[in-house]
Amino acid sequence: MSIPPAIVASARMGWKWQWNQLMNGLAPADAEGNYTRTQSQALDSKPPKAEDLLNRSSEDFPLLVVARSCPWAHRTWLLYELKDLNKSLNILIAKPNPKAGLWKIDPSWKGCKSVLEIYKLCNAPPTHRATVPVLVDPKPNNKKTPELLGNESAQLVETLNIWPTEESTPNFYPKELHEEIKDWQELLQDSVNNGVYKCGFARNQRSYEEACKTLFNSLKIVEKNLSIKGPWLCGEKLTIADIRLFPTMIRWESVYAPLFRCNQSPLTKFPNLLQWRKNFFNLPKVSKTCDSKNWRNDYFGALFPLNPSNIVPLGPNIQEIINSA
């Protein structure tokens with residue numbers, strides 16, 4: 001027995017209304033239907049003094065809290081691995097808890113079972129959203145109360161680049177490339193890093209198409225630059241410009257193309273960008289930060305308005321994606 005058209009139309013209208021309410025909570029939009037990322041008061045990142053770290057035991061090292069599925073946290077995790085900071089910085093991987101709408105910590109850290117509890121332990125004001133990445137000092141100047149050292153990914157990347165270490169480590173933000181790196185940051189942050197979310201969280205066809213066109217126009221700029229100047233965005237030297245782009249591009253086939261509809265053109269149209277991604281993935285310790293199965297579980301399983309069935313696609317593993325591109 002078929003469902004009467006009037007009932008189908010009514011159900012569609014009701015679902016569209018409910019979908020908009022759910023999207024208001026997940027991803028607020030402006031009056032035109034364009035996704036607007038929620039802003040919170042960020043902390044100014046600051047590294048501890050080298051002599052302070054040298055006098056600490058490993059359990060008192062500062063703590064970097066990241067999450068596997070978060071591309072913003074992925075930036076900082078990459079710095080942690082590429083600069084081999086494990087001798088003066090601890091890392092903790094939080095897991096999403098979609099039902100509670102927070103990042104959970106298991107096992108707990110200093111009694112905290114979520115990132116929100118870490119913020120509260122550090123006496124962070126309510127204006128600071130409990131986001132990842134976040135850098136925490138468990139013993140600032142021998143005080144008993146832990147302190148938040150930063151929670152804005154772009155700032156944290158620069159902070160970790162100058163993190164005190166006993167041995168010499170690569171400098172991914174050389175002075176002679178500051179202006180060029182800043183130019184890339186201005187292009188990539190809004191149109192690519194945030195651009196994929198503008199596609200996925202668009203409320204209507206117009207806002208989606210506009211975001212998608214802007215996104216792929218920026219990828220064309222990246223592709224052309226790599227064809228002329230590669231192998232990295234700023235030429236021969238790997239910089240934080242590359243580190244900011246990689247977390248977005250490595251999630252492309254697993255999440256952003258299928259779920260966020262970032263599919264105006266296949267990535268095979270960008271051969272230099274794909275080779276750049278492969279080169280980056282094959283850097284020491286980078287692959288351990290990439291888990292396509294985890295990304296699919298978190299995105300497809302948690303973003304109910306975009307995937308109400310909660311069916312998570314199987315998809316290829318990350319090594320197959322890299323090798324086939």
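If you go along the chain as it appears here, the first residue is 1 and each next one adds 1.
A Cβ is built for glycine as well, from the same backbone N, Cα and C atoms used for every other residue.
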Self-check item: Per TrEMBL, member of W103, W109, W184 binding glutathione alongside R129, A130, T131, V132, E152, S153
Solution: W103
Practice problem: Take the domain 'GST C-terminal' (174-309) and average the pLDDT across it for me. | Solution: 98
Quiz prompt | W103 (glutathione binding site) to C70 (active site, nucleophile) - Cα separation in whole Å | solution = 11
Quiz item: What is the Cβ neighbour count of C70 (active site, nucleophile) at a 10 Å cut-off, with all protein chains included?
Solution: 21
Quiz item: How far is it from Y299 (site 'Lowers pKa of active site Cys') to E152 (glutathione binding site), counting Cα to Cα, in Å?
Solution: 21
Self-check item: recorded positions near C70 (active site, nucleophile) (Cα-Cα within 10 Å), from R129, V132, Y256
Solution: V132
Quiz prompt | Length of the line joining the Cα atoms of T131 (glutathione binding site) and Y197 (active site, proton donor/acceptor), in Å | solution = 17
